[in-house]
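Colleague: First the structure, which I've put down as structure tokens, then a few questions once you've had a look.
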């Protein structure tokens, strides 16, 4: 086997060696890591192998938990009791100090367990209160930290496999303290020139320690000096611990180079590798010989048995008992100081740190010293070696000097520690057996009494044994191996220690096939072996120091009488300077301020982003003003005369809007940027006007208080501009004959004194409720309470009167409508141009409670325009035109004339040109007046054709389904009737001659003999509950009902996110003990890791909410029933908001982590981050700024926080409205965001990267969706028509691109060029697929749609610029195309869900009008809305459908729900007037439609039942509902109930909005 390995080595290194080297290296070169020193077990003795016990382990749990208090005494107490003693007692055998430190050097060559284990475990030593060294202030809370050593992870699993520590160096006597324990370490020590080890500037010294050579570099406990400067590169990590150990390392360094130089002279053809290997094997052999045959006998006073050859079955592994015995015994012989002398026996003085001179080097002040002033030259090192050779060590007993006991280099934050107490803890960490068990296991005689441990000690100092026995409760079986072995030692190691040490060295020698005496390994010849055996340490010293042999005694490990250079005296602590005291290190010292500034800076990121956004907003506002000035110069030449620009303050929660104030005679006009009039204020005497000016903040605010109006607050850029406005106002008020008062207030008080439009509307709403409660007998609780505030502002608001414009707006009509003019003029009794509450109340009383005569008289007075008591034909025509205007209908003048002539002729007034009130009342009574009252009927005369056509309805109400009370129904005498019609406010049947199944046959003079099935459409009205609790419960139920899909999806999403958080949090809290990080930062790591998992999930899947093409596709699948794809943007915002909150928590967790990492010692950090830190004993961790700015996760994390702060601030509602371009540009930082996220987690600082697990799939889908969007061309479109409709709806009609095909019900994305070419918003197309243009109805519900409405406001003249163009992208979404597959279809639209049906209705009518083959014969459209005010634009489309529906295909029903809850003026007027005015021309007053407007909820089940009666031949009816989930759920429930019957099947299809 040896031959084969030698051959393999030769083949491996041969090609790279010089020819001479290949010929000279004839042996198998020994590895540096200890492998293959034993061919039986290759790993024995290798670096990293476990320690091999001589005695079974003794742990508390039998596995790994060490024994401790109270079972065993406190280590510090035991150290003080059994091992404290005075210094200055010489060795009984005259052993020298050189032998002591040579023993430490040999021990460093054989074993090293100083590296802490991972995860970090601590066996801290509690210091008894009042300890003179460590607790002089008697605090009682001092703890000396002790970290357990590294162990084999394959051990410590069970009592049969207890924990075993690992050896960090080779377990062979192979010179690893000289050459290192690995090939790479050795390479760092070599110079690769002449076979020598690398030296520094001085050839006598090696080069200094540096990376990647990880020398042990703790701070100097005496001075606090840190770093590798002044420390040399040795094979042993702790070779620089003391100058004395360092001197021995320098000795062997110089000896190797001396051998290499000698070999180079003898063999000039050898190369570097050959010289190095020959010198190395010679040095190792010499080191083995000196250790085994010179030092060991001097240490044990025993010679090992003769070497008999290599024994492959002998396990040479180091035992923990050997480590404890040897190290502990060495410590008893360490003196308090060490002499230095030259070759002429001159013991020189030593320079201390304070420049004083002392007899010797103080040991306690020499630990880890750097650039020692007494060891600057090679001669100084020689002097130290000579001094140690002549100095007698301390006595070999149980006592230890204070330099070792109290002032040993301390770990972690302590500069000092008790070495003996630490050794005791180390023994417990090793699981060492008790003293008695060890003796028994090693075959030594048992000890049964404390005095038998050391009879000599019992006689001379029995108090020590007694005190020790007391600490162990007189139980000898508890006595530990270390104190027991020390107590039995006196002059020589006791029997236990001697047996352990001798056994270990014999096994090391006999189990090593590379031992220099093994003649079979080919290393040395017999002659060379004999030469090596004859080489002593004295020979080495003489060779290296170039001194004469007479300067040293023959055996440098002893000094006997007559030997050269005796020491002056046995050193004691009195002869030496005091030890530097204990220093508590503060790792965070000096970092508090910077750490706080860093955290404050991170917290200021949002503020900086806010400041940036504010600057951008200001720049945008300034540019906007500049553009306004430029535009107005060309557009408003005439208009600017007497006008001034300003900002109107609308309230604290409302944004200021730029306006133009134009003063005219008797009026103040407030206009927007396109000169559309926003408000007109009438100036009529005798009003008292108050003018309030601000006195601070630049004196640029003005408040105009005019009675009967809400206040006008204007803000100017400069005080001068305000002054000009004040002067103009004063002139205008004087011209109008108005008196005014002027005073000043602070701007804040001025704002509080202003009555805003919103405040007035709230006050008037409550007041209106009380008015209607009196008229309609509504419960006062439903009407609401009047404000209790009695301030001047409230009193002024309650005395306000409605202007003509406000009156029209409250009715939802245009101010110029004739109906508004007529009613306003009639109600304005005092003629002051305003309508008081009492005046309006009088009108309401007549409408609601007046008799038919009173109501007809009111109508007569309304339309008696000239007030002469007569209504002419022209005035009658104007009356009809007023109703037509209300209906937004367009009838020609000829048609109106025909209607009037027919009505006059039927009443017998064909010869009259004017009507008195009696004539007017008779005409209405005889013809259509019945339609205005509750109990009237039409008699004897056929309805005129024009009225018949207008009266044709698509809805019928079955009297069988209604309560036939006398108040709501009336029957005329049948003998006088040709056609009987039931006419009530709730049910109406009009004759029609279309649609054969519904035809009613009319015969003059005959009754209706055939029964016609009628459709039940009566609304189901629910009592509105005013109880706050009931409202809250109902609101919650409706919320859950309407958003059940949203709630379900959110529940799933946040359950996953929460599960990820909990999984990571649980893992790091309870399952990551092997990492040890939770012991360092429990809260911080749980918070940061848990949030990191959730953030990874959220930031990944948030991309799916922006995959518009995918969402468009999925909306057309069954998934749309479970996932609200239309809420993707809202979901995007919600995820983003949650993610930013978690990001803040994640950052907070890492702030805690950084702080704790900054105060954690390097030994702990090297366990937590083995790829980032190497424990070199320096203890000091990296500063906080290193974690923040010099690590990849830290730096990317800071950058991510900055990017997120920018993105989130600019994405907020306010700044998105101020500068959408800023939002768009900053939101494109998401690319950099995801790049940094990937980099942030890829460093694997705490755990392996996991972000890609969540990110990969959504990213691929998102990229694919983006590519689809990029492949689709966006078309630029010109706007053909723009119209501002009531309730903030803007109607845009624009060109249809060539090849643009879509289905009714689909939607598009548009971008207005004036608002930015990159901001797209989705809207449903309200045009039909057959139309040449595309149309949208856009409600101003947000900042973008509001600005769109302003941009497309109607121009004031023909010279204004054309409308801005649009970008069109689409179409998207689901087309509701299934309706045409049913002979009868029911379309149910609720809320915004009516939008897709607008296109469908128009499409159906068109196909019918062009005789297109359409299977569908009848469509019932049910429009359910909270108030029709929100969707007046749909009424226009329905009106268009009605007028084009010549085949009576569409039947429309409108249901307005929750009247009492809404209860505003307009809805209340609708409730009062609808039943009276909808009968005029058979149209609704407010919708302008022929359909009846119902108040309540649609009765779906009765409606579907009656539908079966109306269409008995239809076996399958399609029901399509679109709107809130609550409505579609009711439709579904009704369909299911009807489908239980064996009749018509109702197939329900729904889509929720």
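Using the three backbone atoms N, Cα and C, a Cβ is placed for every residue, glycine included.
Computed from a predicted structure; not experimentally measured.
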Colleague: Quick one: which of 354, 1482 has N-linked glycosylation site in Swiss-Prot?
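Modeller: Record lookup in Swiss-Prot returns N-linked glycosylation site for 354.
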Colleague: Identify whether residue 1075 and residue 1293 belong to the same side of the membrane as annotated by Swiss-Prot.
Modeller: no
Colleague: From 342, 546, pick the one Swiss-Prot annotates as N-linked glycosylation site?
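Modeller: According to Swiss-Prot, the N-linked glycosylation site annotation belongs to 342.
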Colleague: Which residue range, 1107-1127, 1170-1190, 1191-1211, is the one Swiss-Prot calls transmembrane segment?
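Modeller: The range carrying the transmembrane segment annotation in Swiss-Prot is 1191-1211.
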Colleague: If you count Cβ atoms within 10 Å of the Cβ of residue 839 (Ca(2+) 1 binding site), leaving out that atom itself, what do you get?
Modeller: 18
Colleague: Taking each of the glycosylation sites 94, 342, 354, 534 in turn and counting other Cβ atoms within 10 Å of its Cβ, which one has the fewest?
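Modeller: So among 94, 342, 354, 534, the glycosylation sites given, the one with the fewest Cβ atoms within 10 Å is 354.
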Colleague: For residue 839 (Ca(2+) 1 binding site), which of the three DSSP-derived states applies: helix, strand, or coil?
Modeller: helix
Colleague: Return the residues near residue 828 (Ca(2+) 1 binding site) by Cβ distance under 8 Å, restricted to its own chain and a separation of at least 6 in sequence.
Modeller: 834, 835, 839
Colleague: Where, among 597-617, 1083-1103, 1191-1211, do we find the most CB pairs under 8 A to the transmembrane segment (1229-1249)?
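Modeller: Against the transmembrane segment (1229-1249), the leading stretch is 1191-1211.
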Colleague: Out of 94, 342, 354, which of these glycosylation sites is nearest residue 534 (N-linked glycosylation site) by C-alpha distance?
Modeller: 94
Colleague: Neighbour count, 10 Å Cβ-Cβ cut-off, for residue 834 (Ca(2+) 1 binding site): what number do you get?
Modeller: 21
Colleague: Tell me the coarse DSSP state (helix, strand, coil) of residue 94 (N-linked glycosylation site).
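Modeller: Going by the DSSP assignment, residue 94 (N-linked glycosylation site) belongs to neither helix nor strand, so it counts as coil.
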Colleague: Among 597-617, 1047-1067, 1191-1211, 1251-1271, point out the range having the most Cβ pairs under 8 angstroms from the transmembrane segment (1083-1103).
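Modeller: By Cβ pairs under 8 Å, 1047-1067 leads among 597-617, 1047-1067, 1191-1211, 1251-1271.
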Colleague: Just the number: how many Å between the Cα atoms of residue 342 (N-linked glycosylation site) and residue 94 (N-linked glycosylation site)?
Modeller: 21
Colleague: Find the member of 1047-1067, 1139-1159, 1191-1211 that has more C-beta pairs under 8 Å to the transmembrane segment (597-617) than any other listed stretch.
Modeller: 1191-1211
Colleague: When you scan the chain for residues with a C-beta under 8 Å from the transmembrane segment (1139-1159), skipping those not six or more beyond its ends, what do you find?
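Modeller: Distant contacts of the transmembrane segment (1139-1159): 587-588, 591, 595, 599, 602, 1080-1081, 1083-1089, 1091-1092, 1094-1095, 1098-1099, 1102, 1165, 1168, 1181-1184, 1187-1188, 1194, 1197, 1200-1201, 1204, 1208.
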Colleague: Between residue 94 (N-linked glycosylation site) and residue 354 (N-linked glycosylation site), what is the CA-CA distance rounded to a whole number of Å?
Modeller: 33
